[in-house]
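A quick write-up on the structure given underneath.
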Amino acid sequence: MRFKAVLRSLFRYRLNSSIIIISLAIGIACMNLITIFITRENNADGFQKNKKNIYALQADDPFRKGEKMYFIRQGAAEYMKDNFAEVKDFCRIINTSPSKINANNQDYFENKKTIAVSSNFFTFFSYKLISGNPARVLETKQNVVISDKLAMKYFGRLNVIGQKLLFPDGDNDTEMFISGVFEKPQESTQLDFEMVKLIGESDSRVYLQLAENTNIVQLEEKFAQNKENIPIVHDGTPGTHSLKSLKAAYFDTSRGQTIETSRDRSDLLIALVIAVMILGVALFNYLGLINNQLMEKTREYSIRRVNGSSKINLINAFMGETFMLVGVAFALSLVLMILAIPFFNQLTSTSITSQYIFHSENIFLLLGIPAFILLASFLFAFFKIGVSVKTKALKPGKLYAVNKFQIPVFNIAQLAVSVILIIGSIVILKQINYITNKKIGLAKKTLEVKVPRQYKNISPVFKAELEKSSSVELVSLANASPVLEHMMILMHYDENGVDKQYTPALFWGDENYPKALGIEIIKGDNFSENAGTNKGKCIINESLAALFPDQDLIGKYLPGSKNDLVIGICKDFHYGSLKEVIEPGYVSYGSGGFFIMVKPSAGQSQEAREVVAKIWKELIPDFPLNMESINDRYEWMHRENTNYAKLIGACCIISVFLSMIGLFAVSFHTSRRRVKEIGIRKVNGATISEILALLNKDFVMWVGISFVLAIPAGWYFMHKWLESFMYKTNLSWWIFSLAGIIALAIALVTVSIQSWKAASKNPVEALRYE
């Protein structure tokens, strides 16, 4: 009977019930998915048995004074293990991802991430082997261990021990034999790889396993005391080493992503704030609507109290309905989470699966939000029913007289959150537009064609063929992309007997390099078209010239170098992220690179791409074309910002949608409560426009209050976000005005639908029984 009564009540208030279920389902799904993501990231490498005792080894960075790097000289870890009792073991790691793999007589060009490691890798770390002995799986340089997913892809089975893989090695292929298969962990890990082989003699990343209860500060002091004996990468540094815990290393984005993956802690903070905002909007919807429902049931509850029902009985009846609503919303939220996983993974660069969501350690997280909502509902009902259920509520005209000012509080807070998200969306889109359209000092349409190293000798032939095409204006050979791919050179020079140093970025290309990339020469000369006269010459950027304001470097050798004669100064160009200031750099002449820079003729970018593809197919038929534009690389470099724009935009849409359905429900209840008042006003001559103004003025006031509350919060959050960029857009006043206009327009459109129905209704229908 109780179950049927609950169903009848929910059906009677089906508009409220539907909106509550949709709001809570979306809010719970967003909060639970992001909470699982944050927990997963904070517990990265939590499955490693020795995680508390594993530390990443750092050394002084010779290229950035006062900074640390994770690149360690070979022999440093060996010395530490042999001479410090605290160091129990070590593992070295480098990235050796091949451009091509031949498996089962088929070529694959997917550049699967391959790491070369110490032989103890699978005993040092806790990656699970499906087949193979952890202690012996990397005994020889011909051993390779692959992931279970790769085994299934290459061979269609997991039993692949002894199978052969071919790795390119210059003009020949090296045979490797599978000695083990490991299971890709569902948990987050900073070492994301597909294949593992034995490391050779080289510098590398180093992880140390320390003894229990090791004092890190004291151990680092021992390193410093023995620094003369510990090998270092460069003699120009203090030569000290330091330690960073496995977890802290994961959140250190300065180490790059060539081997390990890293996560910026601000990502987690932004995700948490967004989740709380979405859940907040959903809860405000929920509280506002159950407040409406309790007000409408005030007379019903009062009659029950007069007939002998206790307060506990009334609360039980209310909680029965609430439990049903929250239960259905929770079930729907699980479906929404599973559907949202691919989109969420793309935006956050993670790999959550539906199986992981229902992992035993996440069950309590999943149930936490519904439990909190039920507890909040109980407390809300306990105090609300106690206040509103009175005998005076049975008197005519008293139905809506109690606590009428609580509904606006919830909706104002809801609208404020939506305005903040709208402000965030506009600012992020404005910054991305700034990044997209900002002049970076490079020709964004220039194409980069990366020739495989084993075909390096074909590069001059490729260049000559391209120069024959009318759709190609210029072709240059270089050693790397000008975006994110440059060398840092440590330069020492003497100034009045004092040894000084600086670390410019080095770019290397032939006589066409500056012109092909659109680099503007502002003083001096460009490289000569007579290639033979360019040897030993270079062009410096404005930032490098600014390091020596009292010298005219043109015609002189670059300070600290006897091989680079400065012939010109070029305008600064962005070779890194807009989050970083442009550092000193120079272009040195060189020929014979395997990167081909192709500047298309005006208006012929597509034709140039087609020509490149045709020549590639003729000269390098057994490798897939590797071509992208400068703009493609620039956008890839700022992909995280684009993803955040999509994430904020999606959350903004969700928030606005929840606000709309919430306002629609409130306007429905408001117009129904005032139906007789509207009827009387229409009988007395009020027009539809006057009725609309009467019904909508409260909502306009709510938007105004929410806008005032949202401005400082929105300004603060976006100001902090923009601080991470060295080159950024401005927080203009129109952004906040536009956000307010959008919020007002959405609110008016939403409530006017119901207001119009109420205002255009025949007043006789409302007053026929009076």
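Glycine is treated like the rest: Cβ placed from N, Cα and C.
According to TrEMBL, the feature domain 'MacB-like periplasmic core' maps to 18-222.
If you look up TrEMBL, you'll see 273-383 (among others) marked as domain 'ABC3 transporter permease C-terminal'.
Taken from TrEMBL, the feature domain 'ABC3 transporter permease C-terminal' covers 653-763 (among others).
Taken from TrEMBL, the feature transmembrane segment applies to 20-39 (among others). Proximity of distant same-chain residues to the transmembrane segment (20-39), defined by a Cβ-Cβ separation under 8 Å and at least 6 residues beyond the stretch ends, is recorded for 268, 271-272, 274-276, 278-279, 281-283, 285-286, 289-290, 325-326, 328-330, 332-334, 336-337, 340-341, 344, 348, 350, 352, 356-357, 362, 365-366, 368-370, 373, 651, 654, 657-658, 661-662.
Listed as Cβ neighbours of the transmembrane segment (268-289) (distance under 8 Å, sequence separation of 6 or more from its ends, same chain) are residues 16, 19-20, 23-24, 26-28, 30-31, 33-35, 37-38, 41-42, 348, 369, 373, 376, 380, 407, 410-411, 413-414, 417-418, 420-421, 644, 647-648, 651, 654-655, 658-659, 661-662, 665-666, 717, 721. What TrEMBL lists as transmembrane segment is 268-289 (among others).
Residues annotated as transmembrane segment in TrEMBL: 323-344 (among others).
What TrEMBL records for 364-387 (among others) is transmembrane segment.
The feature transmembrane segment is assigned by TrEMBL to 408-429 (among others).
The transmembrane segment annotation in TrEMBL covers 647-668 (among others).
The transmembrane segment annotation in TrEMBL covers 699-719 (among others). Remote same-chain residues near the transmembrane segment (699-719) are listed as 273, 408, 411-420, 423-424, 427-428, 663, 667, 731, 736, 739-740, 743-744, 747-748, 751 (criterion: CB distance under 8 Å, separation of at least six residues from the stretch ends).
Sequence annotations record features per position, and here TrEMBL assigns transmembrane segment to 731-753 (among others). Remote same-chain partners of the transmembrane segment (731-753), defined as residues 6 or more beyond its termini with a Cβ less than 8 Å from a stretch Cβ, comprise 415, 418-419, 422-423, 426-427, 430, 656, 659-660, 663-664, 666-667, 692, 695-696, 699-700, 702-703, 706-707, 710-711, 714-715, 718-719, 722.
Ranked by number of Cβ pairs under 8 Å to the transmembrane segment (647-668), the listed stretches 323-344, 364-387, 408-429 are led by 408-429. Outside the transmembrane segment (408-429), and at least 6 residues removed from its termini, the chain residues within Cβ reach (under 8 Å) are 274, 277, 280-281, 284-285, 287-288, 291, 641, 644-645, 648-649, 651-652, 655-656, 658-659, 662-663, 666, 698, 702-703, 705-707, 709-711, 713-715, 717-718, 721-722, 729, 731, 735-736, 738-740, 742-743, 746-747.
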